[in-house]
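What TrEMBL annotates here:
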| type | residues | note |
| --- | --- | --- |
| TRANSMEM | 12-28 | transmembrane segment |
| DOMAIN | 19-260 | domain 'G-protein coupled receptors family 1 profile' |
| TRANSMEM | 88-114 | transmembrane segment |
| TRANSMEM | 126-148 | transmembrane segment |
| TRANSMEM | 154-178 | transmembrane segment |
| TRANSMEM | 199-221 | transmembrane segment |
| TRANSMEM | 241-262 | transmembrane segment |
Amino acid sequence: QVIVPEEVFFTVAAAGILENLLVLIAVVRNKNLHLPMYFFICSLAVSDMLGSLYKTLENIFIILCKMGYLTRRGDFEKKLDDAMDSMFILSLLGSIFSLLAIAADRYITIFYALRYHNIMTLRRALVILAIIWTFCAGSSIAIALFSYEAATVIPFTILFPLMMFFILCLYIHMFLLARSHAKKIAALPTSTVHQRTNMKGAITLTIFLGVFLCCWAPFVLHILLARFCPHNPYCACYMSIFHVNGTLIMCNAIIDPMIFAFRSPELRNTFKKMFC
C-alpha cells in the first residue's frame with residue numbers, strides 16, 4: 001500500500017474547503033456575479049467542498065478506529081460509514097451534473113447569444129439547481145444503502161463515463177460550430193468582443209472538465225476494479241495507490257477555484273476587494 005501521510009490529507013482538504021468557501025462568499029457579496037453561470041459555478045464549488053469534507057471525516061474515522069474509540073463493525077460505525085459514502089457519492093454526482101449544467105449554459109451562450117437572457121433566466125437556473133441536488137441527494141442515499149447490490153453498482157459506474165462522454169461530445173460540437181456561428185453574427189455591433197468572451201468561457205470550462213477527469217477517473221477506476229476483479233494481481237497492484245487517488249480528488253477542490261480566479265476578471269476583482 002502506498003500511504004499518504006495524514007497531515008497531507010488534512011492540509012489539502014482544509015485548503016480545498018477554504019478556497020471554495022471564498023468563491024461562494026465572493027459570488028454572494030458581488031451582485032454583478034448573480035448570474036446563472038456563476039450560480040452553476042457555486043454548485044460545482046459546493047460539490048468540491050463535499051469531496052474534501054468526505055475525505056477529512058473518513059481520515060478522522062480511521063484515526064479513531066486505530067485509537068480504539070470506534071470499532072469497524074458496530075451499528076453506529078456502519079451508519080456513520082453509510083453517511084460518509086453518501087456524502088462522497090453526492091460530491092461525485094453533484095460535480096458531474098454541475099459540469100453538465102455549465103456546459104449547457106455555455107452552449108446556449110455561444111449559439112443563442114441574442115436569446116440567452118430569455119432562455120436561461122435566474123429563476124430557471126435556480127430550478128435546475130434544485131432539481132440537480134434533489135436528484136443527487138436521493139441517488140447518493142440509495143446507492144450508499146444498497147452499494148453491495150450489483151444492480152446499483154453497475155448503473156453508478158456506468159453513469160460516470162456516460163455523462164463525461166456526453167459533456168465531451170457537447171464541447172466538441174460547440175467548438176466545431178463556433179467558427180461558422182461567429183461569421184453569422186460578425187456584422188452585429190460588439191459581436192466580436194461578445195463572441196471572444198463566450199469562447200473564453202467555453203475554454204475555461206473545458207479546462208474544468210479536463211481537471212475533473214484527471215482527478216476523479218483514477219478513483220472511479222478503483223471502484224470498478226474493487227468490484228469486478230478484487231483478486232487479480234494487476235488490479236491489486238493498482239488498488240494499492242488508493243490513498244493517492246483519494247488525494248487527487250481533494251486536489252480537484254483546490255485547482256477549480258484557482259481556475260475561477262485566473263480566468264474570471266470579475267471574480268479576481270472581488271477577491272482583491274475582500275482581502276484589501
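The backbone N, Cα and C atoms fix where each Cβ goes, and this holds for glycine too.
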The domain 'G-protein coupled receptors family 1 profile' (19-260) [mean pLDDT, rounded to integer]:
80
Most Cβ pairs under 8 Å with the transmembrane segment (88-114), selected from 12-28, 126-148, 154-178, 241-262:
154-178
Which listed stretch (12-28, 126-148, 154-178) has the most C-beta pairs under 8 A with the transmembrane segment (241-262)?
12-28
